[in-house]
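Right, one structure below, let's go through it.
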Amino acid sequence: MSGHTVLVLYGSQTGTAQDTAERIGRQAQRRRLRVKVEALDTYNVVNLISESLVVFVCATTGQGDPPDNMKKFWRFLFRKSLPADSLSRLDCAVLGLGDSSYPKFNFVAKKLHKRLLQLGANMLLPVGLADDQHDLGPDGVIDPWLLSFWQKTLSLYPPPAGLAPLREEDKLPPRYIFHFLSEVPNKLTEHLQTVDNKSSPTPLRPFPAPLVFNQRVTHTAHFQDVRHIEFDITGSNIEFSAGDTVMMRPCNTSEDVEQLCQLLKLDPESYFTLTPTDSSTEVPARLPQPCSIRFLLEHFLDISAVPRRSFFELLATFATDELEQEKLLEFSSAAGQDTLHSYCNRPRRTALEVLTDFPHTTAELSIGRLLDLFPEIQPRSFSIASSLLEHPNRIQILLAVVKYKTMLVKPRKGLCSSWLASLDPSKGDVYVPLWVKKGSLKFPQDPESPVIMVGPGTGVAPFRSAIQERVAQGKMANVLFFGCRSESKDFYCGSEWQEKVQAGQMILVTAFSRDQEDKVYVQHRVKEQGKLLWDLIAKKNAFFYIAGNAKQMPTSVCDALKAVFQKEGGMSENQAQEMLDGMEKNGRFQSETWS
């Protein structure tokens, strides 16, 4: 092993950047370099001045924001007091993961690259801008970028003479060693850690909130099962405002856990402790020590996700069957990504299903590889759909249950939505560990500022929270555009809106797309209400918000709004765009969309 160390630091929101960082780490090991892979916020940033070689891998979230696990690092790096030559000894490179269908494409990676240059760092390569929209997905950029990175790096930091790189099919050592206990420990509290009564819940110390209400709000004849779910947060110290989100981690189904135990011949009731094989690696903070196999598989490892390319790379190193090895190596290669997409991504085949498709290779897997093979279950976020001012000690959400068919026989289900929908408080106490995170939507403090909200479908959730909060504060200038398929089937919170309209607390404009021959969407209603909107925006300094599915709706609503500016304000197309850009810059136009 070389005396040179490559440090791979990542900022990841959904786990993709972390997976890429770990893949770079394995490539470094194969090239006989020492390596450490770490989240940016767990790394002691003051040590950066003494590092020699660092790769930064970062995603962009929301409106060009850094991921949660690099925010502390981000604030430190942009301190104005840092000297211009702080990082003059550092060789580094930045790889960004993004989606060019969003306006702030790879904004974090670009800004980080620029800041590192300002601080005197020697950039080994131009910033890598991986794109989900690329024909080959992010790997279409990542693969050639990494090829250039290793050529440059190995010329500066060559491995020791006589040490050849490890082949792709050679096994790397596991990250952790499992030590099984001969006896079951007494009285273990694996599931819920107690929350300090004086502090707010965090990802590592979530609040076990009783789920007290779970009811379908769509008509039984409607294709989509949408739930109104309520949690009791009494005694949690949780505070939140309109626009904030509630976070939680789902559990795997007992059926999937049992199936994996059978495949790998594991006893779910056995207990173990973990020791890292590298002294610089720590045991995952969310795993209790000792821990049961059942807890590991049910609460920690993401066994039902669609596996990434790295899953197949690792699996290929265990293949003894020639046909299975050939297929796994193809899936691991740059040339095989189309085939992998057809096999795995398009039909949404899960990691568990892949293991059953490769029985000989699966039989070679040992338990020590579980934490290398499967990523950790990532937290899910939901817009809070209620206000503490109207519902004290409660958090409410609107949950669309994800279920769909692909070419596979078994229907695909969303892990978190299916898990939450299955929880029934009428059959006994149900607890969901959760915490709250600040959202990207900010509502005006000025009581005179009107608020215009466009929230079709479950996109209405943050606006229900905002309207409840604003009405409780005496702010009545609220306009809501709500869209759904049918007034009788999926008009969420319809009676609540009507009550508030009757009380003079809001204006409601609806678009029921399938209740007449011509489809009517929220963007059509925005155009129809042009005079009202122009008056509120141009004369009364109104704020405009969009929330919902990121397919065509946000763009269509923006186009409709610009058409209003042109018609009612007598503007040219360019002037309308400039007005919208100005509103966005001043925080008067905000959107929160998801795919």
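Every residue gets a Cβ built from N, Cα and C, even glycine.
Swiss-Prot names ARG348, ARG380, SER381, PHE382, SER383, GLY414, LEU415, CYS416, SER417 as FAD ligands; from the candidate set TRP145, TRP150, TRP594, the record adds TRP594 to that same site. Each residue in the domain 'Flavodoxin-like' (6-150) gets a DSSP state, and the totals come to 55 helix, 35 strand, 55 coil. Every protein chain considered, the tally of other Cβ atoms within 10 Å of the Cβ of GLY15 (FMN binding site) stands at 17.
It is 17 Å from the Cα atom of ALA59 (FMN binding site) to that of SER381 (FAD binding site). SER383 (FAD binding site) is surrounded by 25 other CB atoms, counting those within 10 A of its CB over all protein chains shown.
The average pLDDT the prediction assigns to the domain 'Flavodoxin-like' (6-150) is 93.
If you draw a 10 Å sphere around the CB of SER513 (NADP(+) binding site), it holds 16 other CB atoms from the protein chains shown.
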